[in-house]
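K.L.:
In case it helps, TrEMBL gives these features for our protein:
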type	residues	note
REGION	A:1-72	region 'Disordered'
DOMAIN	A:79-286	domain 'Pop1 N-terminal'
REGION	A:173-217	region 'Disordered'
COMPBIAS	A:178-188	compositional bias 'Basic and acidic residues'
REGION	A:343-362	region 'Disordered'
COMPBIAS	A:347-356	compositional bias 'Low complexity'
DOMAIN	A:555-659	domain 'POPLD'
REGION	A:669-709	region 'Disordered'
DOMAIN	A:743-937	domain 'POP1 C-terminal'
REGION	A:808-831	region 'Disordered'
Amino acid sequence: MDNNQKQAASGKAAADSRKRKEAPSSAVTGFKNLHQQGRESRPPARPQKRVKFQDARNIRSQPPDAALDGEGKLDLQKFLNAREFEIKALETSMQKCKTANATRVFQQVPREMRRRTASHNAKRVPKRLRDRAKREMLEDNTPTVEARKRRPRTTRARIRAENAKRLEKLAAKKKKRALEGENKDKPGKTTIHTRAPRPKIRRDTLNEPPKSKSKFNKRQVNKTWLPTHLWHAKRATMTEPTKPLWRFAIPMTPTQKSYRPTHRASGQKGTIFWDTSYMSTARIYGTARCIELVLKALGLTQASIWGNRGRKWRAGTRTWSGMVSRQQGNSRRDVGPATILWNPSPTDETAATESNTTEEKKTQRQVLIRTHPSCFLELFDELVKLAKLQTPQVHVEDLRFEVGSIELTGPGSTETLLAVLQPYHTEERHGQVFSSLIGVTNPASLPKDAVLGFSVKDPRLSYPPKRVDTTSKVSDPALLDTLTQWPVEEQVKPYGLFDRHVRFKASNLPPQKSINRRKGANIPGQEIQVTAADPPIPVIVFASRPAAGGQAQGTWTLMAPWKCILPIWYSIVHYPLSTGGNPRLGGLNEQRQIAFEQGTAWFPGDFLGTNAGVVWEMEQRTQRKKAWDRRPKGKRIEWASLDLGAGRKGEIGDGLACDFEHLFGLPKVPSPSSSSGDRSTLDVDPNAMDVDPREEAEAASKLGKPHKNTLPSLATVEQMKKTEFNALVSSADLASRPPPRSIISVNIRFVTRGVANACARIYRLPSRPSATTTVPSSEAEVPATDPVAAGVGSLPADLRDQWLQKLPSQRNGSKSFKTKTHAAPHMPRDVDHGTRKQLMAKSLLSGDPLPYPRPSAANQTDIGGGAHPLCPGEEDLIGFVTAGAYSLGEGKGTAVGAISAEKAFDTLKESGGIKEGRLCIVRNAGESVGWLARWELV
Amino acid sequence: MVRLKDRYLLVNIVYTDLPPGQKGSVPDLLLYNQPTIGELRPQTILKGIRSQVNALFGDCGSGSVERSLQVKYLSTATSTFILRISRAHYRLVWAALTFMDRLPVKDGRPCIFRVVRVSGTIRKVEEEAIRRAKLLVLAAKDEMAGKASSSDALNALFRGGKDSARNLALVNDDHDDAEINEGEISDG
């Protein structure tokens with residue numbers, strides 16, 4: 001080979017340079033790795049590859065003599081042989097071409113499959129491709145490194161390696177000794193079986209996180225892993241190791257691109273699921289009356305739920321979901337969303353008949369509260385405080401690491417759950433009802449807040465999960481009957497999940513090894529029979545509807561003992577959906593995305609009126625500030641030099657924050673988010689300091705919440721409920737107004753174009769100037785685009801009308817408006833040179849020259865093909881966007897935000913109409929152009 | 001990037017006369033499918049085609065064919081070869097092959113160059129070659145069993161396509177350069 005000759009010529013120089021692809025000369029055979037040596041002595045890859053391809057494409061053929069007999073005559077047998085040879089040659093050629101293609105094996109595995117280091121490690125590709133991968137790696141001279149055999153580079157690694165070596169020796173010695181000992185006293189060997197320790201659950205105090213395996217101890221010092229952590233860590237971006245979220249390592253988003261697939265899986269086809277074991281659960285137990293008092297103190301004061309309509313909820317066959325709140329001085333402050341579920345009492349049938357009797361009130365009952373971890377500590381403290389006030393006392397148990405949960409949404413979610421959860425006892429009513437749900441494609445089609453509590457078999461017994469036959473059951477009248485009747489009330493028993501003994505029993509599932517052994521003993525494909533060793537797993541499943549209502553998909557929530565989550569998880573992951581594919585993994589971002597697409601607020605990000613929301617917002621501010629700081633100076637937004645038109649300079653408030661402090665004139669904490677270029681926002685209105693900070697805020701800070709010592713002034717902002725606000729607006733009482741520092745959550749849809757980002761500013765439509773303040777008419781005629789007029793520092797008087805022109809229904813009006821504006825005169829096309837000259841001269845001589853320099857800011861003439869109205873002034877700022885993007889569901893920009901309740905109230909009252917009052921202008925932070933939008937309460 | 005688009009032509013060389021050294025009668029099957037002499041090299045085929053294209057289409061034609069014409073496979077024992085030519089010009093080559101009436105070697109024997117398959121991939125051409133070879137094998141076995149007639153030999157040669165009527169129709173309206181049809185042409 002010419003290659004070898006070249007090598008010989010280059011001689012020792014090549015060996016000295018030690019290029020990886022050059023073969024080592026005999027002098028450099030210090031390597032012990034024979035495999036490596038063998039690989040390196042092969043010729044370089046590229047010429048070899050070319051030879052390979054040439055060889056593969058070459059089709060063998062025979063000389064003509066093969067078809068003739070010995071004397072050169074035609075012969076039938078030879079003729080036959082020649083044809084057979086040709087057939088064989090062509091077939092081998094086709095085969096060779098197929099195998100010698102230019103792609104490597106790891107490029108052929110499906111998109112969903114992980115391929116980390118698959119190009120360097122044959123074990124990363126599927127088994128059937130492994131041999132080919134090995135061969136290709138050998139042919140391509142791919143460097144392979146076995147982590148085990150790599151020479152340690154850092155000091156730390158070296159120490160670890162030495163340690164490992166020593167430990168290995170020690171272990172070997174120990175093993176040897178154990179073997180000797182075993183041989184000595186084999187007959188008299190006794191083993192002591194101890195009962196597995198039951199986890200401690202103390203009353204009225206927080207629960208300890210579960211003890212992790214010692215191997216993983218160090219990684220869970222300041223956080224807890226979800227039961228599925230090891231699975232997730234390989235497939236999703238987790239929270240940063242040093243910055244856990246709510247003391248959990250939570251998957252943020254799958255590693256694979258998933259924005260559009262998530263949208264599809266959540267609404268059209270498939271299913272998306274989350275391990276929501278981080279959601280916190282608490283159990284309250286005591287007499288029914290005392291529990292009722294505690295719940296009422298949490299803000300469950302609606303008469304309906306304690307009356308006849310809430311009977312099913314109190315019986316334990318429905319859940320209640322909503323915001324819980326706590327008393328703070330004279331007002332109530334929202335804590336966060338919670339789901340509350342009663343445990344059915346064993347004697348429920350008698351109690352149901354004589355409801356509201358003293359008998360019922362005295363019975364011992366239990367309630368499960370499931371809430372978000374960001375507000376759990378706050379809620380738990382409140383619960384303990386309330387529980388201690390009751391006589392007889394009510395007790396609270398923290399079930400955070402006892403009960404885990406999985407959430408599923410999407411058309412395939414019911415099907416998936418049906419395949420995975422197989423009722424343990426066939427006679428259980430709830431189990432029967434659940435099994436009859438085949439054909440349901442939307443959990444929201446179940447009765448509102450329906451609950452099913454039953455026990456299921458270990459899903460590993462029927463692993464891999466079989467596809468549920470949904471075709472025969474669709475439009476089944478029996479299913480419709482079930483959905484309308486919902487026959488779960490009769491013979492309802494207490495849910496096993498409330499019982500710690502049942503939970504503990506279920507936590508001791510047989511090990512995977514024994515399952516495998518049992519499976520091996522079976523005929524392939526046969527399910528493993530349930531034995532006494534397989535405990536029933538108590539589960540509670542409930543369906544929830546999205547807050548937005550309508551056609552949107554509901555969500556299944558499956559609650560099970562913490563330790564049973566993993567086996568259930570594996571079965572869900574591998575369920576083959578009837579519409580194809582498997583359920584999709586979701587992270588926290590996907591949860592927020594789905595909430596956003598459904599137009600609902602997501603906790604805690606969109607709830608600035610709660611402490612958890614404030615903490616989230618502060619965290620976001622620091623993150624944005626960090627990202628902003630990282631950018632080079634020329635490429636980041638200089639907030640101070642933002643030109644809003646009409647002589648206004650600088651961003652309103654902090655551009656990196658939903659700056660409600662600025663809106664409400666609250667004292668600004670020197671947080672890291674306050675940008676240096678934003679001087680105007682920092683020197684707050686001096687009067688703002690006089691506004692006495694709420695005593696509740698002080699009280700809250702005194703209480704010393706363990707997760708946040710001092711809450712920023714933003715925490716004095718209150719969240720107002722939709723119902724309260726609507727009642728205020730519709731009431732004729734002029735005196736009643738929303739409290740001064742309250743916000744309401746809104747869902748914003750852009751009227752024509754525009755996409756909002758987080759922190760975008762929301763303005764109301766500017767009011768028409770009253771008669772006394774009307775600007776002189778001469779100025780009023782000056783169009784908005786004229787910077788000379790705008791530069792004097794006043795907004796045009798007809799700004800409201802300009803914005804209203806932008807409504808698509810009033811297109812006709814906008815045309816007449818456009819004609820007044822000074823668009824740059826365009827040279828008509830296809831004119832000859834003479835005319836061009838004439839036109840040019842005319843434009844120069846006319847008394848209406850183009851402004852120079854061209855207006856750069858705010859409303860450039862080319863936005864939207866005509867003049868764009870200026871942004872309203874700061875007095876019209878009403879709120880901020882907390883989440884915004886282009887919505888795939890709506891096909892246009894939407895956003896979720898919060899606006900000042902007071903200003904919204906005023907706007908609705910003043911403009912007189914809901915139509916105009918709900919119009920707003922949304923402008924992204926750092927941009928000068930706003931877009932018309934419409935807000936709706938959420 | 002622009003993809004180079006090619007056509008692959010499967011060509012059979014059909015003889016109608018006996019080879020010089022042969023005496024007596026031979027079965028029709030052997031007569032038509034004789035081996036070709038070893039002097040026929042890929043280069044000589046190319047040369048022959050080029051000169052024929054030049055004669056038929058002039059310098060322009062031979063120039064356009066020149067660059068992309070290539071012999072991918074030549075089996076003299078079975079008198080079969082596969083040509084590759086750019087998609088735009090395969091008709092020139094086909095026409096040239098039709099007009100060639102003897103082997104392009106010194107004192108070449110009279111023969112017919114029959115294009116039996118045109119395809120966009122060499123794979124399909126190979127499959128067709130295999131199919132035809134199999135048909136010939138079956139015919140030869142029949143011949144050996146002694147239950148063959150001359151029409152059978154012609155059948156194996158010309159009715160290689162499953163339904164020749166359809167193929168003929170395809171050939172007829174092939175002139176609009178519809179790419180889709182080209183893959184199905186056989187028995188041209």
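Each residue's number is its place along the chain shown, starting with 1.
Glycine is no exception: its Cβ is also placed from the backbone N, Cα and C atoms.
Automatic prediction, not curation, is the source of TrEMBL annotations.
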K.L.:
Where else in the chain does the region 'Disordered' (A:173-217) make close Cβ contacts, counting only residues six or more beyond its ends and a cut-off under 8 Å?
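P.N.:
Residues 224-225, 377, 380, 384, 387-388, 395-402, 500, 504, 508, 562.
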K.L.:
For the domain 'POPLD' (A:555-659), give the DSSP counts of helix residues, strand residues and coil residues.
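P.N.:
Split into helix, strand and coil, the domain 'POPLD' (A:555-659) gives 48 helix, 14 strand, 43 coil.
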K.L.:
Of the residues in the region 'Disordered' (A:173-217), how many are helix, strand and coil by DSSP?
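P.N.:
Helix, strand, coil within the region 'Disordered' (A:173-217): 16 helix, 1 strand, 28 coil.
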K.L.:
Averaging the per-residue pLDDT over the domain 'Pop1 N-terminal' (A:79-286), what integer do you get?
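P.N.:
Mean model confidence (pLDDT) across the domain 'Pop1 N-terminal' (A:79-286) is 87.
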